[in-house]
Amino acid sequence: MGCLGALLFLLGGLGALARICEITEVDSTLVERLGQHLLPWMDRLSPEQLNPSIYVGLRLSSLQAGAKEAHYLHSLKLSYQQSLLSNDNSDSEAKPSMGQLALYLLALRANCEFVGGRKGDRLVSQLKRFLEDEKGAIGHNHQGHPHTSYYQYSLGILALCVHQKRVHDSVLGKLLYAVEHEQHLQQGHFPVDTLAMAGLAFSCLKLSNLNPNQRNRITVALGRVQEKILKAQTPEGHFGNVYSTPLALQLLMASLRPTVELGTACLKAKAALLASLQHKAFQNPLMISQMLPILNQKSYVDLISPDCEAPRVLLEPATETPSQTQVPGFIHVTLKVSSISPSYRHSVSVPVSSSLEDVLKKAQEHSRFRYGTQASLSGPYLTSVMGKKAGEREFWQLLRAPDTPLLQGIADYRPRDGEAIELRLVGW
């Protein structure tokens, strides 16, 4: 083989490696079933339940929801513009967070819209103010922490990038520094989903060249993110865990550094993810909306130049198949709280297939147990237990005894008979 032939062979091999992280062969029934889970959520149009991620996921998928999709975007626009652009002094808790606003801007771009005009400029300015506030919280010496998280910080930069809106080098520099000096973070490392979101932001900036003075640092940080995600692969094949794998694959399948190691890791991850699909592991709308794009070989970076004319299959509501008559059963779950004094332990009986949230409600009805929650795009999360609120940089962790952290929230996790669930206040 001549030199030219060897070069072409090498380039062809690298091209194959670059595409090996794409999931190209999936049972269309599985994909459709996944999309059908989102349809009921698109009927929930109250401001606290609107979820821009659902719209983004559908637009980047091979599926569409027809008129319901257009109506959902219209509802998003009304809600976000009313809450963010009003001049009153309404409760700030009713206003979208930085992450929600960033996802809304992604939703607009998924519909091939660029933010513009007076209203659009105010939305962009609000998101930039969020980022500036977070930059201030991190501090000039990088010893502080964002009020929210580096995940939301990265998402905010990504959202502005796909709209071709530049962030100041000092704002980007905080994220670059965090990736470069990750070992100095209080928690010691970034979770995989945070790494992936940071990597998606870097990928967008590298392609858009909005911060040319930071180009070399962006390239190095992107390579570092990819390396860390590959090192976080579990023996089962997931990157971090099953629910962080879709975002990781969004980043890796657009990798500009294809290697044999990357190809091997992606093959293993795809097999694990498809097995999880078969076992119906994805029920949460936020997780589904991150999964659907990769089943269509897309990522959030594709929102730089979205294809709004691509054909998509119309989703039909799932039809209920009559199941065999079953005698209603009950399970017994033990609920434990050791982060308070005196500690709490109580056994609760709930119907089969009840969620952990159902268990908490039942415990509150029949014992001294009390809890509080706050709505989020990934579902309700615990803010207080037995009157004890999670403080700054604290959260109530869910564990299956003796010490296994749950990967799902209280609305999604379904305990099995005899399980003991502990609610533990931890710092991060």
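FYI, residue positions are counted from 1 along the chain as it appears here.
Glycine residues also receive a Cβ, built from the backbone N, Cα and C atoms like all the rest.
Unlike curated entries, TrEMBL annotations are predicted automatically.
For CYS161, the disulfide partner named by TrEMBL from the candidate list CYS112, CYS204 is CYS204.
In the disulfide annotation of TrEMBL, CYS21 is paired with CYS266 out of the candidates CYS112, CYS266. With ASN241 (cyanocob(III)alamin binding site) as the anchor, the candidate disulfide-bonded residues are CYS21, CYS161, CYS204, CYS266, and the one with the nearest CA is CYS266. In sequence order, LEU356, LEU382, PRO405, LEU406, GLY409, ILE410, TYR413, ILE421, GLU422, LEU423 make up the list of same-chain residues 6 or more apart from LEU398 (cyanocob(III)alamin binding site) whose Cβ falls under 8 Å from its Cβ.
Annotation for TYR381 (cyanocob(III)alamin binding site): spatial neighbours THR373, GLN374, PHE395, TRP396, GLY409, ILE410, criterion Cβ-Cβ under 8 Å with sequence separation of six or more. The binding-site residues listed here (THR148, TYR150, GLN152, TRP428) include no residue with a Cα within 10 A of the Cα of CYS21 (disulfide bond). Listed in sequence order, SER97, MET98, GLY99, GLU134 are the same-chain residues at least 6 apart in sequence whose CB falls under 8 Å from the CB of THR148 (cyanocob(III)alamin binding site).
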